[in-house]
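Q: I'd like to ask some things about the structure below.
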Amino acid sequence: NTAYKYYSHSPLQKTAVFYWAVMSSSSILFLLLTVIALTFPGVCLPSESSSAAENIHVVATNGLPFPWSKLRLPNYIIPIHYHLLIHPNLTTMRFNGSVKIEIDVKNNTNWVVLHSKNLEITAATVLDESEAHLFDKALPVLEYPPHEQIAIFSPKILTSGEKYFLYLEFSAALSDGFFGFYKSSYRTKDGETRVLASTHFEPTSARMAFPCFDEPIFKANYSVRIRRGPSHIALSNMPVHTVELEDGLFEDRFEASVQMSTYLVAFIVCDFKSVSRRTVTGVDVSIYAVPHKWHQTHYALEAAVKLLEFYETYFNIYYPLPKLDLIAIPDFQSGAMENWGLTTYRETSLLYDPDVSSTSDKLWVTMVIGHELAHQWFGNLVTMDWWNDIWLNEGFARYMEFVSVEATYPQLKVDYLLDTCFAAIGRDSLNSSRAISCSAENPTQIKEMFDTVSYDKGACILHMLRHFLTDDVFQSGIVRYLRKFRYRNAKNEDLWDSLVNTCSEEDFTSGEYCYSSTQATKNSYRFAGEHIDLKKMMHTWTLQKGIPLVTVKRKGTKLYIEQERFLKTVQPSDPLWQTMQTGFLWHIPLTYKTSHSHTEMRHILQTKSDVLVLDGDVDWVKFNTDMNGYYMIDYDAEGWSALIELLRVNHSAVSFKDRANLIHNAFQLVTAGRLPLDRALDLITYLKTETHNVPLLQGIGYLESFYKMIEKRNMPDVTQHLKTYILQYFRDVIDKQTWSNEGTVSDRRLRSELLSLACDLGYAPCLEKAKHFYHTWVKSNSTISLPSDVTETIYMVGAQDDSGWHYLLEKYGVSMSEAEKCKILSALASTRDSNKLLELGMEGSVIRAQDLSTLIYTVARNPAGHFLAWNFVKKNWNKLVEKFQLGSFSMRNIIIGTTGQFSSKEELIKEFFESIRDQTSQLRVTQVAVENVEKNILWLERNLETLRTWLQQRLN
């Protein structure tokens with residue numbers, strides 16, 4: 001049919017079509033029906049594919065033209081309800097299935113185009129509204145693998161407004177990776193290997209499990225049936241009813257789902273055990289894990305129930321499903337996945353063993369559960385229209401981690417939002433960054449959207465917006481957004497409309513704004529009697545990349561402020577500077593305090609420059625109060641001097657968040673060449689008297705990062721001086737740390753990081769204590785419990801000799817908690833014998849493939865493994881891409897992790913990326929990696945001598 005339409009004036013091509021029809025069917029009747037359909041002008045191609053006739057190169061696998069040329073599916077056929085049957089065979093590692101899709105035809109057509117990847121379609125037909133076959137024989141199926149699409153031809157026109165069913169049968173091998181319907185396994189305590197099958201569909205892998213319209217806009221209902229043996233259970237999104245079949249198999253029949261996108265469908269066949277509890281609103285919550293780790297599920301159950309109840313109250317919308325399962329999958333690439341009613345997790349993200357898990361592990365489990373449960377509303381109930389706005393899912397879920405955990409587990413004292421925003425700034429201050437909402441079309445580009453910008457920057461601008469609007473207005477706005485778009489899709493501007501429109505019926509309105517005295521302050525920021533256009537303001541944060549830098553110069557009682565784009569690899573003297581600044585302007589909700597102010601002052605900066613007038617003379621001014629805003633600040637020389645003196649004399653005059661913000665701000669400006677390094681180092685000399693762990697860790701973290709970079713550059717004098725300075729200056733706080741699990745979450749985090757650093761720097765008391773613990777543990781045949789917060793440090797010290805290394809590797813292979821295994825793996829990767837470890841990681845039997853990307857990253861941080869890890873990546877590039885998929889989090893982690901500390905021109909990595917240009921041309925992360933190396937080179941050129949001199953002066 002396609003060939004006929006393209007070449008309708010060519011008898012030769014008509015003959016080819018006729019030959020194709022003969023080859024496509026053994027039935028003369030079907031052949032005649034096909035020829036008749038080709039003969040009449042009523043045969044319809046997809047209504048949006050007029051350009052397809054011009055794109056003759058879009059050719060199906062059988063050599064015939066494919067009827068659709070675009071990456072995204074046509075919108076003339078809408079799926080309504082999937083009736084899906086899946087039967088996996090955990091012996092042959094294959095599965096077969098069928099799907100009957102109720103479709104709504106919007107335009108007359110003979111073609112149905114949908115997604116399929118690596119599936120063998122064994123039968124295809126179309127049914128009418130009464131589910132009677134329109135044709136006696138199976139219909140031809142064209143495949144176009146570059147777009148992961150198939151097309152089914154109907155000899156009879158599918159009429160607009162009529163209801164039809166598309167019926168397909170298919171089979172495939174269970175995937176070897178972490179996407180689609182894939183195989184996983186675990187080892188029992190007795191050493192027996194058991195197999196399971198699980199799904200992971202986000203963003204574009206549902207098409208690997210069943211033919212479907214695999215785009216978020218095509219929401220539908222799903223009725224899933226799974227066939228299995230008696231030794232397994234099956235799980236899916238909805239509650240189940242099981243029937244026994246005649247052949248000894250069982251068929252689990254799941255209730256019809258609510259409307260949802262394909263990427264949220266999930267099904268699992270396994271032999272796991274569970275614990276359950278019902279929420280106050282009647283939702284059955286269950287935690288599943290491999291049987292011998294069942295005892296590690298109890299904390300997750302407590303947290304899931306508490307967090308689900310919190311979200312129902314906060315969003316003022318009941319969780320719409322009757323059950324919520326959380327399951328720990330032994331092989332899982334990402335942290336977790338929010339499938340509606342069946343959320344899946346890496347074991348370290350769900351299981352908590354009080355005997356061996358650290359307080360950081362507990363916080364991590366709580367945050368991840370908080371993230372995935374937030375998705376049940378943001379992402380599942382309301383889904384982004386297309387992947388360019390994935391931040392509406394991930395930015396909200398990341399931010400709600402902090403909001404929910406702070407409300408439900410205040411004792412965990414979640415201070416990680418600052419770190420989240422610091423991470424976002426690190427990426428956003430490079431020219432290779434991107435706008436929060438930006439184009440993404442093919443699967444690789446879509447996978448890359450799941451990055452720091454979507455998650456971390458998204459969370460930070462939402463935090464800024466919440467502070468800007470007040471908690472109540474922000475909350476009511478997002479509830480309005482969720483209610484308006486539930487079971488539907490939304491775009492970036494839909495959120496801003498919901499937040500702006502807070503008007504009630506009795507309020508006087510003009511456009512989008514309310515003018516009653518009670519409502520006016522809720523819908524916009526007022527300054528100088530003018531209302532702020534919230535949508536226009538937020539577009540400056542979501543539709544352009546980068547982060548603003550606000551410069552502040554004080555002259556008497558006037559503050560002269562200007563904004564520009566903050567860049568770390570380009571300076572005003574560079575030829576590219578003006579080009580990279582042109583067109584960038586943000587609407588910045590500034591906040592600031594002074595030495596004489598008792599309240600926070602506010603101002604919206606909507607222009608390149610402005611002037612603020614203070615009430616009188618002040619000693620100091622500090623902008624971005626508590627770092628509630630997402631912007632950088634640079635003061636004039638007097639401004640920095642006043643703040644350095646303030647911290648030295650009375651650091652408690654500003655909050656711990658302000659102090660951490662000042663430290664981060666200063667060192668970021670150093671990297672950008674805007675502030676001398678010695679000024680930033682002078683600023684953190686006050687840390688000797690710091691009483692809060694967050695700014696303390698921030699300052700020490702910068703010194704440690706300098707040490708790690710210089711250690712690899714073979715500069716023994718600076719390396720030794722920096723090590724000596726850190727150990728001397730922070731000796732008191734290091735010596736105060738106990739080798740125990742006592743204290744608050746923040747105290748325990750400080751202990752873990754300080755003792756790890758002290759031992760890494762060779763601090764003798766630290767090494768002696770760690771060795772004592774390690775030898776005692778080995779002597780007990782690893783039966784005694786080590787202090788969980790310092791276990792990794794103890795293992796790291798123990799692994800430095802050959803016997804310790806091999807003993808730990810042996811213990812890694814034994815069945816133990818995943819948290820424990822991660823600590824051992826990190827310790828093994830810190831040694832010189834990393835090459836063997838990398839080989840084991842690639843082989844996959846001892847070290848799970850899911851841990852390989854983290855292993856490579858950890859080896860790269862080790863000075864001895866610096867080049868080893870990068871050479872390993874270059875050598876095994878194709879295998880890594882096959883294992884993890886191009887654009888995935890794991891591949892990005894590998895690229896950034898292995899190149900992030902390169903700092904010489906000889907280490908420039910462009911050559912390798914150029915050699916695989918056919919792949920890397922699709923990737924944004926390679927640009928980030930190259931720019932990171934350039935940033936490090938510039939840092940050393942600008943600051944090495946200053947650091948050397950400053951250290952000599954301090955040590956003298």
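Positions of Cβ are set from backbone N, Cα and C atoms, glycine also.
TrEMBL feature annotations, pasted as is:
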TRANSMEM  17-40  transmembrane segment
DOMAIN    79-264  domain 'Aminopeptidase N-like N-terminal'
DOMAIN    299-502  domain 'Peptidase M1 membrane alanine aminopeptidase'
BINDING   His371, His375, Glu394  Zn(2+) binding site
ACT_SITE  Glu372  active site, proton acceptor
SITE      Tyr455  site 'Transition state stabilizer'
DOMAIN    620-934  domain 'ERAP1-like C-terminal'
Q: Can you name every residue in this chain, apart from His371, His375, Glu394, with its Cβ inside 8 Å of the center of the Cβ atoms of the recorded Zn(2+) site?
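A: Surrounding the site, in chain order, are Glu338, Glu372, Ala374, Phe378, Gly379, Asn393, Phe396, Ala397, Arg398, Met400, Glu401, Tyr455.
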Q: Between Tyr455 (site 'Transition state stabilizer') and Glu394 (Zn(2+) binding site), what is the CA-CA distance rounded to a whole number of Å?
A: 5
Q: Counting every protein chain present, what is the number of Cβ atoms, excluding its own, within 10 Å of the Cβ of Glu394 (Zn(2+) binding site)?
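A: Neighbour count, Cβ to Cβ under the 10 Å cut-off: 25.
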Q: When you tally the Cβ atoms that lie within 10 Å of each candidate's Cβ, which of the binding-site residues (His371, His375) has the highest tally?
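A: The largest 10 Å Cβ neighbour count belongs to His371.
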Q: Average the per-residue pLDDT over the domain 'ERAP1-like C-terminal' (620-934) and send me the rounded value.
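A: Averaged over the domain 'ERAP1-like C-terminal' (620-934), per-residue pLDDT gives 93.
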Q: Since the record lists Glu372, Tyr455 as recorded positions, which of them has the fewest other Cβ atoms within 10 Å of its Cβ?
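A: Selected from the recorded positions Glu372, Tyr455 on minimum Cβ neighbours within 10 Å: Tyr455.
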Q: At the Cα level, what's the spacing in Å between the residue listed as 'active site, proton acceptor' and Glu394 (Zn(2+) binding site), rounded?
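A: Computed Cα spacing between the residue listed as 'active site, proton acceptor' and Glu394 (Zn(2+) binding site) is 10 Å.
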